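Database features, via Swiss-Prot:
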- CYS68, CYS73, CYS79, SER308: [4Fe-4S] cluster 1 binding site (BINDING)
- 80-297: domain 'Radical SAM core' (DOMAIN)
- CYS94, CYS98, CYS101: [4Fe-4S] cluster 2 binding site (BINDING)
Amino acid sequence: MSKPIQMEKGVKYRDADKMALIPVKNMPTEQKEVLRKPDWMKIKLPADSQRIQDIKAAMRKNKLHSVCEEASCPNLAECFNHGTATFMILGAICTRRCPFCDVAHGRPLPPEAEEPQKLARTIADMKLKYVVITSVDRDDLRDGGAQHFADCNREIRELNPDIKIETLVPDFRGRMDVALDLMKDNPPDVFNHNLETAPRLYRKARPGANYKWSLELLKKFKEQHPDVPTKSGLMMGLGETKEEIIEVLKDLRAHGVTMLTLGQYLAPSRHHLPVERYVPPSEFDELKEVALELGFTHAACGPFVRSSYHADMQAQGLEIK
């Protein structure tokens, strides 16, 4: 019997080391043949990378993190080149170890008390009008990091009074009511929590998460803040069926969610869950029509759509693919 890995505090565990820590072994020991990316999944990189380097430099200077980098988002070059980024608070080490995600797992350090102020100053320096704030899961904190979210929202608005804030929150497992109570006085302009996939695949893709719990989080926030739109996102290509996705859309609408993102899952490495299929753009178009028929007011559906991809345009209801 192999000896369990002893995690050191503040150390990032990635790829094979991260996957070895997942208690439920649901991936094959030998990776099956990797699917070739179709033409519609090819990305054209921008010719000028100066804007990208400027944003990375601003992040490093203020010791901030972006989920764009930490999760190896395929849209990083495009978004950074347009001067947009999704900030990731509460460190860059997650207490969960989802096998689809490239964010590092481990024992995180305590939250940095000055992070809300640094974040607000950086956003002001970048002259952003719309910002997305997300975080790693922090199951080690009594409030799951909710107070830190509230502090960030407050500090950002003090320095940037005209800004719109979207928060992409974790599930606050076991502490939902505490978290919602802490955030009630400083709510975002858009509240986002991703279901990620169909409930049948949760044991495989989201160990430690609960489908019904996530739906309840979205519902309870909406009940507390009826004027704040709620949003959720799903990946496709993990083995779900189209019918399962439609059932999830119905569940989201039944829990008050009006904004939706659907995108293609891409495996960050051979150690992560493999892509089961590449969903053609036409199928994303069909699902967008279904979403609008179900009553979603905003539905961004396409191979490269991610939760925060052109989030400002998503909030305006503009076409995103």
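Yeah, the Cβs are placed from backbone N, Cα and C, and that goes for glycine too.
CYS101 ([4Fe-4S] cluster 2 binding site) carries neither a helix nor a strand DSSP state and counts as coil. A distance of 15 Å separates the Cα atom of CYS101 ([4Fe-4S] cluster 2 binding site) from that of SER308 ([4Fe-4S] cluster 1 binding site). When other Cβ atoms within 10 Å of the Cβ of SER308 ([4Fe-4S] cluster 1 binding site) are tallied across all protein chains shown, the result is 28. Taking a C-beta cut-off of under 8 Å and a sequence gap of six or more, CYS98 ([4Fe-4S] cluster 2 binding site) has these contacts in its own chain: GLU196, ALA205, ARG206, PRO207, GLY208, ALA209. Shown are the binding-site residues CYS94, CYS101; of these, the residue with the fewest other Cβ atoms within 10 Å is CYS101. DSSP assigns CYS94 ([4Fe-4S] cluster 2 binding site) to a strand in the three-state reduction. Within 8 Å of the centroid of the Cβ atoms of CYS94, CYS98, CYS101, where the record puts [4Fe-4S] cluster 2, the same chain has further Cβ atoms from ARG96, ARG97, PHE100, ASP102, VAL103, HIS105, VAL136, ASP137. Looking at CYS94 ([4Fe-4S] cluster 2 binding site) and SER308 ([4Fe-4S] cluster 1 binding site), their Cα atoms lie 19 Å from each other.
Annotation note: SER308 ([4Fe-4S] cluster 1 binding site) sits in a coil segment as assigned by DSSP.
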